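Here is what TrEMBL says about this protein:
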type: SIGNAL; residues: 1-28; note: signal peptide
type: DOMAIN; residues: 33-490; note: domain 'Glycoside hydrolase family 9'
type: ACT_SITE; residues: HIS417; note: active site
type: ACT_SITE; residues: ASP468; note: active site
type: ACT_SITE; residues: GLU477; note: active site
Amino acid sequence: MPTLRLPPRRPAAAVHLLIAAAAAAAEASYLEYGDALSKAILFFEGQRSGYLPQDQRIAWRGNSGLSDGWTYRADLTGGYYDAGDNVKFGFPMAFTTTLLAWSVVEFGDLMPPPERRNALVAIRWATDYLLKTVSQPNRIFVQVGDPNIDHSCWERPEDMDTARTVFAVDAPNPASDVAGETAAALAASSMAFQSSDPGYSDTLLKNAIKAFEFADSYRGAYSDNSDIKDHVCPFYCDFDGYQDELLWGAAWLRRATQDESYLNYLQDNGKTLGADDNINEFGWDNKHAGLNVLVSKEFLEGNVISLQSYKSSADSFVCTLIPDSSSSSHIEYTPGGLIYKPGGSNLQHATSIAFLLLVYANYLSTTSQSMNCGSVSIGPATLRQQAKRQADYILGENPKGISYMVGYSAYYPLRIHHRGSSLPSIKDHPQFIACKEGSIYFNSSDPNQNVLVGALVGGPGEDDEYEDDRVDFRKSEPTTYINAPFVGVLAYLNANSNPS
């Protein structure tokens with residue numbers, strides 16, 4: 001794509017950084033967590049594919065992807081575009097769904113009733129689609145859209161005229177990663193809907209069991225399939241192996257069903273499937289830290305000794321986040337205090353880790369326990385304060401004084417890497433805009449024409465610097481899996497703005 005001419009930079013507002021944990025806990029936050037929560041959920045309406053409902057609140061969007069699945073004579077409409085493009089990637093969409101559902105399972109009772117309803121609507125938009133992906137025997141649909149073609153266009157989803165290629169995996173070919181994550185998403189979502197819609201909850205759980213059976217019966221990574229690899233890599237390749245998704249899916253099925261067979265699976269397969277490997281990672285590709293935190297709940301509350309290794313790994317993960325601990329490795333922070341990992345789209349790490357800290361703090365608090373990082377004793381309050389600092393940084397308490405959530409506060413990114421947001425709305429400009437005709441909007445230094453309220457962008461670099469640059473997708477592109485765990489974080493902080 002052509003190089004974007006950088007717009008003039010605004011002067012950054014002076015911001016006082018809250019460095020010490022004690023100061024952070026004592027300082028009464030001016031941040032409006034309730035407003036941020038509402039907007040974080042609203043964002044998902046801007047990512048919708050398919051027929052939009054009458055109560056669609058992001059009004060500049062229209063229907064899109066209405067023939068998805070026709071080549072297989074299947075209905076694959078619906079679901080979410082993962083980021084600023086127009087592809088439906090099953091792997092990150094399933095992870096997004098798991099994290100949205102986990103946010104409701106852990107913190108839904110803290111949400112204002114309207115926002116809990118909105119969160120369930122956001123989950124259902126994904127689960128309705130995921131159910132379609134496992135609707136045919138011995139097959140899972142893993143993607144709709146060819147990213148290599150899609151990424152060569154700057155085009156509204158409503159105008160898509162690129163190939164809507166459907167990618168499916170048929171047994172005995174493996175897709176343990178996508179099927180395992182889909183099982184986790186459906187199982188977690190079945191818990192989220194248990195009280196409000198028990199019939200739908202049952203449907204989700206039955207399909208979660210079916211998806212897990214596919215994942216476990218035909219073991220391997222979906223991106224190792226030669227028919228698929230060139231269309232999912234390097235975008236959502238399974239870089240870290242499929243084994244973690246098997247344990248993750250089993251863990252969620254154990255949580256949702258309390259069936260002993262899934263407990264046995266976790267006990268018997270933890271070592272062979274590498275539960276102790278890469279324990280400091282958590283995201284769409286690597287589930288280890290989340291797995292260990294999730295399984296620790298049963299160890300802490302039920303004293304299931306056979307699960308102690310999961311608890312030990314969860315403790316080790318948390319210790320890497322505590323600068324004063326004696327952990328052999330520590331997670332890197334920017335000078336301003338943001339968790340940082342190289343590779344782009346960094347806020348996915350900050351939001352997911354903040355979420356895990358709050359969940360683990362709840363598990364420790366419920367059982368009146370603490371943990372040790374060498375000689376340092378760590379209680380729930382420390383974890384909550386650490387999570388709050390990440391959230392506050394994202395919402396504006398950072399060296400640039402910018403909110404990395406679009407539409408929140410007076411100063412936020414205006415030129416995000418997002419096709420639908422940057423192009424004229426189909427409501428205002430109903431004329432077709434072809435694949436290459438959108439380039440003038442991509443290259444423009446003007447702000448995006450439509451505000452994608454609630455979107456969290458990739459975020460600043462390791463030096464806390466952020467240029468409002470549409471072409472720099474590593475920093476300026478929003479994704480569903482950055483937002484999903486932040487829904488849970490904001491739900492907690494809205495009810496506990498000064499956690500202890």
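Numbering starts at 1 and runs along the chain as it is shown here.
The backbone N, Cα and C atoms fix where each Cβ goes, and this holds for glycine too.
Every protein chain shown contributes to the tally, and the Cβ of GLU477 (active site) ends up with 21 other Cβ atoms within 10 Å. On the backbone, the CA of GLU477 (active site) and the CA of ASP468 (active site) stand 11 Å apart.
The average per-residue pLDDT of the prediction over the domain 'Glycoside hydrolase family 9' (33-490) is 95, rounded to a whole number.
Listed in sequence order, the residues of the same chain lying 6 or more apart from HIS417 (active site) and placing their CB within less than 8 Å of its CB are GLY84, VAL457, ARG470, VAL471, ASP472, PHE473, SER476, GLU477, PRO478. Residue density at ASP468 (active site): 21 other Cβ atoms are found within 10 A of its Cβ, drawing on all protein chains shown.
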